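Visitor: Would you mind keeping the following structure in view while I ask a few things?
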Amino acid sequence: MSNSQPPRSSSSSQERAEELRRLLNRAAHAYYVLDAPDMEDPVYDQLYRELQDLEHQDSTLVSADSPTQRVGGRLADGFRSVSHRISLFSLDNAFNRDELHGWYSRLLKALDRTPAAGSPPPTLPMVGELKIDGNALALSYENGVLVRAATRGDGEQGEEITANVRTISSIPLRLHLEPVPAWVEVRGEAFIPDATFHAINNERLSRDESLFANPRNACAGTLRQLDPSVVAARRLDFFAYTLHLPDEWQERRPLTQWDALQWLGDAGFKVNPNAGLLPDLQAVEQFFDTWDTERRQLDYATDGVVVKLNDLRLQDAAGFTQKAPRWAIALKYPAEEAPSKILRISYQVGRTGVITPVAEFEPVGLAGTSVSRASLHNADRLVELDLHDGDTIVVRKAGEIIPEVVRVLPELRPALAQPLEITKTCPACGSTLVRESNESATRCINSSCPAILRGALRHWVSKGAMDIDGLGSKLIEQLVDRGLVQSIADLYRLDMALLGSLERMGSKSAENLIQALNASRSQGWAKQLYGLGIHHVGDVNAKAITTAFPNADSLNQAACHAPESITAIFGVGKEIAQSLQQWFSSPANQRLLDELRSLGFSLSLNEEEQSRATTAAANHHLTGSTFVLTGTLPTLTRSQAKEQIEACGGKVSGSVSKKTSYLVAGEEAGSKLTKAQELGVSILDEEALQNMLRGST
């Protein structure tokens with residue numbers, strides 16, 4: 001039996017909808033963030049259904065902060081890339097007290113507070129926060145309403161996942177503030193609590209689905225689901241830890257990191273309750289030691305402690321390096337260790353012929369994953385460990401990421417166990433291995449070695465080199481093992497008939513691969529040089545080298561007859577020049593270059609590279625100039641502006657200092673603008689920057 005309600009007027013419906021949103025959002029905050037429910041479930045459900053009915057009757061009542069919008073419709077086309085209003089920097093790490101004190105000394109130097117010889121260092125109050133092992137999110141609010149959520153990405157750009165983030169109940173859809181700033185940027189960590197993670201894996205086990213390795217992987221995979229209802233079902237959580245406000249809120253903004261955390265809590269965010277206000281380095285060490293012991297009692301993973309300078313004005317003064325803030329450091333917990341038994345030594349052959357011994361041992365669980373292999377790096381490490389057949393070893397994850405063998409337990413060694421020695425022959429081709437007197441690496445020097453060829457091909461097709469889609473490791477293995485490809489050049493002789501003879505290669509896939517191979521012929525000279533896999537020549541050095549030597553002939557001439565002209569390039573040393581000399585002196589490599597030319601490769605700068613080189617030459621006056629970018633530019637993203645400045649010889653820094661030549665300021669420029677004005681740094685808008693890039697004054 002139902003009770004009919006008289007129809008509401010549009011104004012009363014709007015008022016009721018606003019009231020329901022307020023009540024429901026307050027109840028959700030009390031339940032999910034404060035862990036102090038103030039509304040019975042049946043009451044919440046009744047009010048929720050009433051709001052749903054109102055919004056269904058009048059779609060204009062639906063708002064972005066409505067609790068009914070936490071789970072949206074399926075995303076049709078994946079995720080789009082978005083630029084962050086404010087960059088997300090990574091943190092430098094410290095793994096012991098010496099590294100912590102080293103960071104503190106650098107911080108004092110950046111703040112011009114280095115003590116005189118023999119004097120104790122000044123104390124600076126810090127805030128200690130647990131480093132949550134999850135996934136960083138950038139949340140954007142406008143007029144108090146969540147309008148965008150994005151992954152960290154590369155720090156400049158991330159993937160927009162707003163629909164998924166709306167499902168996280170500990171993230172407010174509307175800020176609990178009055179009045180609200182025009183915009184707010186919040187940073188924090190999404191994560192899956194341990195109990196939730198185990199429940200998810202139990203559900204997957206019951207459906208015979210593969211299990212997630214650890215909560216962090218589960219969280220990352222969940223955030224990239226195309227269906228927000230799947231995200232909602234996995235019950236992600238979130239801790240907020242960083243806040244950015246517009247300049248017009250200068251008088252209202254927090255002055256310390258501690259106050260910023262309180263601000264975030266007042267605004268409706270869940271803030272980790274275990275943060276601490278720390279007066280000095282000794283308190284930092286005590287905070288770290290406490291949580292290194294007590295972290296196992298928590299219901300979520302934490303892999304360290306983050307220490308931040310408390311005074312936000314001093315944070316601005318300390319600034320940033322190219323990749324990290326000077327005013328913060330991540331103190332990582334000692335790596336988790338576990339014993340295991342050695343089974344065998346296997347070997348990997350790199351693309352330059354380097355032989356890497358790999359310890360294979362009985363599987364052990366470390367930091368949430370199962371580990372059964374660890375690199376031993378080279379023969380010296382094998383000797384240093386004194387590994388014997390059947391030894392019990394201690395394994396850990398360095399930085400809780402990379403497995404490594406720490407030591408051997410000789411007291412558990414079996415009787416008559418034999419020492420394990422590095423192989424004398426290549427495991428891939430059987431050739432005798434060599435070792436130069438000045439190197440720790442043991443190498444295969446057989447140019448026909450299939451393992452070296454496979455590595456060279458993988459490098460050539462990689463994203464940083466020729467970026468050839470559809471040519472993965474499995475396919476490369478087939479091509480090499482069947483003798484269809486014996487050099488990089490052979491890739492460009494593949495046709496539909498040859499590809500069609502391979503396993504799992506349909507006509508459409510073969511057609512796409514041939515198109516990708518043909519398209520790669522037009523890649524720039526820098527990518528081609530990098531793709532050749534010359535020892536010590538990375539992608540950055542390749543750009544510098546090809547700008548100085550615009551084609552293979554000029555580089556060949558310099559490498560073989562004038563190596564000093566190569567070392568004259570900024571950032572290129574003797575080691576690289578020697579590698580280039582050795583590579584270009586090889587008849588086999590000269591044949592490869594001839595083959596590539598015959599297959600349509602120019603082995604010279606393409607139009608885009610020539611344009612950049614011309615621009616750099618025309619604007620050589622930017623060499624020696626340091627730029628800082630702040631705010632939003634009208635047409636250029638920060639990445640584009642940085643790339644163009646660097647192409648003209650300039651350097652881009654993350655913070656303003658006495659050494660800054662120019663500050664490029666866009667809309668909503670922050671404290672960097674104020675500091676630049678105080679220091680008398682020249683201020684440019686985008687138009688002035690563009691004129692400078694063109695060489696105009």
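Heads up, the Cβ atoms here are built off N, Cα and C, so glycines get one too.
Values in this document were obtained by computation on a predicted structure and should not be read as measured data.
Checked Swiss-Prot, it gives:
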- Lys131: active site, N6-AMP-lysine intermediate (ACT_SITE)
- Asp41, Pro42, Val43, Tyr44, Asp45, Ser90, Leu91, Glu129, Arg152, Glu189, Lys308, Lys332: NAD(+) binding site (BINDING)
- Cys426, Cys429, Cys444, Cys449: Zn(2+) binding site (BINDING)
- 617-697: domain 'BRCT' (DOMAIN)
Visitor: Does anything in the same chain, at least 6 positions from Cys444 (Zn(2+) binding site), have a Cβ under 8 Å from its Cβ, and if so what?
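Guide: Long-range Cβ contacts: Val349, Gly353, Ile355, Cys426, Ala428, Cys429, Ser431, Leu433, Ala451, Ile452.
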Visitor: Other than Cys426, Cys429, Cys444, Cys449, which residues of the chain come within 8 Å of the Zn(2+) site, judged by Cβ distance to the Cβ centroid of those residues?
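Guide: What remains near the Cβ centre is Val349, Gly353, Pro427, Ala428, Gly430, Ser431, Leu433, Asn446, Pro450, Ala451, Ile452.
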Visitor: Across all protein chains in the structure, which of the binding-site residues Leu91, Cys426, Cys429, Cys449 has the highest Cβ count within 10 Å?
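Guide: Max Cβ neighbours within 10 Å, all protein chains included: Cys426.
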Visitor: Report, in whole Å, the straight Cα-to-Cα distance of Leu91 (NAD(+) binding site) from Lys131 (active site, N6-AMP-lysine intermediate).
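Guide: So the Cα of Leu91 (NAD(+) binding site) lies 11 Å away from that of Lys131 (active site, N6-AMP-lysine intermediate).
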Visitor: Compute the C-alpha separation of Arg152 (NAD(+) binding site) from Cys449 (Zn(2+) binding site), stating it in Å without decimals.
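Guide: That comes out at 41 Å between the alpha carbons.
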Visitor: Please report the Cα separation of Cys449 (Zn(2+) binding site) and Lys308 (NAD(+) binding site) in Å, rounded to an integer.
Guide: 51
Visitor: Taking the domain 'BRCT' (617-697) alone, what is its mean pLDDT?
Guide: 79
Visitor: Three states by DSSP: which one describes Arg152 (NAD(+) binding site)?
Guide: coil
Visitor: Provide the three-state secondary structure of Leu91 (NAD(+) binding site) computed with DSSP.
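Guide: Once the DSSP labels are grouped into three classes, Leu91 (NAD(+) binding site) ends up as coil.
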Visitor: Least buried of the recorded positions Lys131, Arg152, Lys308, going by other Cβ atoms within 10 Å?
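Guide: Candidates: the recorded positions Lys131, Arg152, Lys308. Fewest Cβ atoms within 10 Å: Arg152.
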